[in-house]
Amino acid sequence: MAVYFNYSDKLHDSCGIAGSFASRGTNVTNVVIEMGKALQHRGQNGGGIAVKGFGKTMKIYKKAKAFNEIFRSVDLLKENSLQGEITIAHLRYPTEGANRQNCDAQPFYALYKGWELALGHNGSIVDIKKHKRKLRKFQIKLESDSDSEILTWLIVTAEGNSWRQKIANALSDVRGAYSLVMVTGDNKLMALRDPWGVRPLIWTQDNGHVFVASETCALDRISIRHSQKLKPGQLLVADLDGVIISDYIAVQKQSFCVFEKLYFSNETSVWDGVIGENRESLGQELANEEFERIEKDSFNISKIDYVVAVPDTARPGASAFYQTLAKKFPKYKLKYFRGLVKERYDWAKRTFIEDDPFLRNRQIEKKFFVSPTIVGKAIYLVDDTAVRLNTYSILVEYLHRIGVREIHCRFLAPKFLNPCFLGVNIGSRNELGAIEFDKNRNFKTLSENQLKKKLKVSSFFYLSIKGLAKSLGMTVDQMHSSHCTGCLDYYYPFDMRSYDRDFSKTAYVHKHAQQKPAKISRHIVASTIP
């Protein structure tokens, strides 16, 4: 008989966004809602849509509830006249601003001197206080503390005679991660990515429709299998004249969030290859590093009975970890076993999403069924990330208590050392399990051996930075020139020293030289909507 248990030590990305534009007379709202439902792994604290029909008033419907709960009934759309040729959707996980009530849900709405805009945002702005001060002269009453609402008002109040000019002027000195989807009062669908390309955004055309989304799994939901990336610094504008894509800002150092591939994105989504295959590569590299330890006689694999994954996102990597080791050591009877099975019905949300520590710890009580098969056995416990470690330690303690003989912790990502300022819910080193502070707020990084003793496990190892790069098919330098790994080794897209309150007490130096901005190109794509 299985044991009921909940585990919570996960990262979570800020949000998911989707949108569509269709020719006159075609309602796309139902389609966009289906796309949103496919992105619920990106945010479960709130959701909403903005709908614009030709010749009709823009409507926004949003609540501080999970997206599928908000839009459970088709009758809701009819009762609220939520139908139109242009629709955007947003699924929320808050990173900047309080998680209070419906006013914090997106899309946000702004109207200024005839410029009407609804906006959904994935990411986080690090210098948002500076931009909030800019709005004081307009005497705008903000609904929330959200950086996303401030972006909305920055755009509508910016100088310019076109949306492209306004966006370019509004975002010219904004620092942070922002993939945006927008609908305008003059019947346009717009989408853009920041010049560093931190967060994903894809787009496509199909049967006279234009679609944008955070991930390809949103298109899979509506049976569309072709798409392309919106590139960093690009703005897409779709209206009845067609689709125009242009660079609205000078492109900077490319810094795609490495954890989109490691954890955030759906494993069926495609970004530089299939996400699930990349996670298998992580497991292979983790196994290669394990092989080196075994060859050096620093670890005895013969005593391990099972490889057990912490569900669900670690499963592809854990399976590849097992398969690689089994091939290298066929004489041992190592097996892969689903010793932890995720509860699907009650507390099946991604638990790292919870903002309140009490709620997070409450969910420790209900999440996994633990199989009695692993009782009395020695296991590799493979997880994708090790962030807070407080709840991970509770899982380890529980497994020991029910009789698991040995626990050997392995992680498919390197050690977390720094906060994320760009859209992930790690705002302080206080939250990191591998960091310890003294009373003067000087901190030190715990070694793997120290973490082994802290968690009272038999062994404890992370994937190395080099192994992470190899899993991406890159050298470490190549990874740093194309991905943000700031939470791991302080390679952020830009200098974060002024935003990092502990920076003065670290041994880090800023690792990015000043770059010469790229030139802004003219319109590069044009097509017609049938």
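Here the Cβ of each residue, glycine as well, is placed from N, Cα and C on the backbone.
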Among CYS257, CYS409 - the residue TrEMBL places in the same [4Fe-4S] cluster site as CYS420, CYS484, CYS487: CYS257
Binding-site annotation, TrEMBL, Mg(2+): partner of ASP383, ASP384 in THR313, THR445, THR475, THR485: THR313
Extra residues within 8 Å (Cβ to Cβ centroid of CYS257, CYS420, CYS484, CYS487), [4Fe-4S] cluster: VAL198, VAL258, PHE259, LEU422, GLY423, VAL424, THR485, GLY486, TYR492
CYS487 ([4Fe-4S] cluster binding site) in three-state DSSP notation: helix
CB contacts for ASP384 (Mg(2+) binding site) [other CB atoms within 10 A, all chains]: 25
Rounded distance in angstrom between the Cα atoms of CYS420 ([4Fe-4S] cluster binding site) and CYS15 (active site, nucleophile): 15
For CYS15 (active site, nucleophile): intrachain residues, at least 6 apart, with Cβ closer than 8 Å: ARG42, GLY43, HIS90, LEU91, ARG92, TYR93, GLN106, GLY120, HIS121, ASN122, GLY123, SER214, GLY423
Separation of alpha carbons, THR313 (Mg(2+) binding site) and CYS484 ([4Fe-4S] cluster binding site) (Å): 20
